[in-house]
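Student: Let me begin by handing over the structure; questions about it come next.
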Amino acid sequence: YYKNNTLAVFPTHQVPVILCLTNGKSFLPKEHVSSYPAFILFLIIYIFTMVSNISLIVLITMERSLHHPMYILFCNLPLNDALGATVIIPRLLSDIFVASTERYINYIECAIQAFGVHMFGTTSHTILMIMSFDRYVAICKPLQYTMIMTNRMIVKLIVFAWGSAFLFVGVLLGLTFRLSRCRSEILHPFCDNPSIFKLSCESTVINNIYGLTFTILLLGSLILTYLRIAIVCKKNKNRVLSSKALQTCSTHLTVYIIMLVSGFTFILLHRFPEWSNHRKLAAILFYVIPPWVNPIIYGLQTKEIRQKLVRQGRK
């Protein structure tokens, strides 16, 4: 925060952080009339995201025929998508008509938003991990499936998905919050870990090492599970088994690829300051597109869910 051309550093609970969507410019044209289409678009996307994801949760909860491990584990994904969209889109909507130089957020609020942002991204991976484990057991050990995927195991997997994400993100942001700050301007549409540790003038080597290790563990464990399924299908000459594996895993992989491409785009663009505007757009799309398209993908590709939705629609 600059006052009389000097940098004033506030205590942690008093630091006003400026959120800028572009470098000193408004993300949208200054004329409010030109901002209405963007506001309406994001509002429609948010409403559709919330209605579709909550509808999936209600459908799986109410329909006893869907009370199987695969759908119970999947139910965590629309819940996470709804929470992730809520962390980003409402704040984005409120900032659309505000000039970038007038967007302020308290440091504590910024930290809470960053936690929600990273919880969404991390939990998306961990939920897909437990879903891939369920598919691995169903495809590779079909005779032992009911013995392995008990109610107790389902609870353990769900606790693991949310608990491990909470732990990983807590350590990630804890390493960032320990840093002192010498800046107060965030050139990003929302608060996240890279944006916050860029407020510091201290070394962030530890943060980068932990972040890289954290990413490798998340991606590696998920990729290894699907590779294991692919190897089993290749070795097995049973075409029915291979077809079943591809059918059940194609939906998971489609969702994962969309999330992976969206996420890696803005993570990589963080390293290139000259492409900051592209990075900001990619960051917004990461928290808008997956929660928006996931219900569509699962609704269209999952036969049981599609049939239940059609039946409910006819009623």
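All positions are counted from 1 along the displayed chain.
Placement of Cβ uses the backbone N, Cα and C atoms for every residue, glycine included.
Heads up, TrEMBL stuff is auto-annotated, nobody curated it.
Grabbed the feature section from TrEMBL, which reads as follows:
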DOMAIN    52-298  domain 'G-protein coupled receptors family 1 profile'
TRANSMEM  36-59  transmembrane segment
TRANSMEM  71-92  transmembrane segment
TRANSMEM  112-133  transmembrane segment
TRANSMEM  154-177  transmembrane segment
TRANSMEM  209-229  transmembrane segment
TRANSMEM  250-269  transmembrane segment
TRANSMEM  281-300  transmembrane segment
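Describe the structural context of these features.
Tutor: Residues 28, 66, 75, 78-79, 81-82, 85-86, 89-90, 92-93, 96-97, 288, 291-292, 294-296, 298-299, 305, 308-309, 312 of the same chain lie 6+ residues outside the transmembrane segment (36-59) yet bring a C-beta within less than 8 angstroms of a C-beta in it.
If you look at the transmembrane segment (154-177), the same-chain residues 6 or more away from its ends with a CB under 8 A from one of its CBs are 69, 72-73, 76, 111, 114-115, 118-119, 122-123, 125-127, 129-130, 133-134, 193, 196-197, 206-207, 210-211, 214, 218.
Within its own chain, the transmembrane segment (209-229) is flanked in space by residues 122, 125-126, 128-129, 132-133, 135-136, 139-140, 168, 171-172, 175, 193, 245, 249, 252-253, 256, 260, which lie at least six positions past its ends and keep a Cβ under 8 Å from the stretch.
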Student: Checking distant contacts: for the transmembrane segment (112-133), what same-chain residues at least six beyond its ends satisfy Cβ-Cβ under 8 A?
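Tutor: For the transmembrane segment (112-133), the far contacts come to 70, 73-74, 76-77, 80-81, 83-84, 87-88, 91, 105, 157-158, 160-162, 164-166, 168-170, 172-173, 190-193, 195-196, 218-219, 221-222, 225-226, 229, 249, 252, 255-256, 259, 263, 286-287, 290.
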Student: For the domain 'G-protein coupled receptors family 1 profile' (52-298), provide the mean pLDDT of the predicted model.
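Tutor: In the predicted model, the domain 'G-protein coupled receptors family 1 profile' (52-298) has a mean pLDDT of 82.
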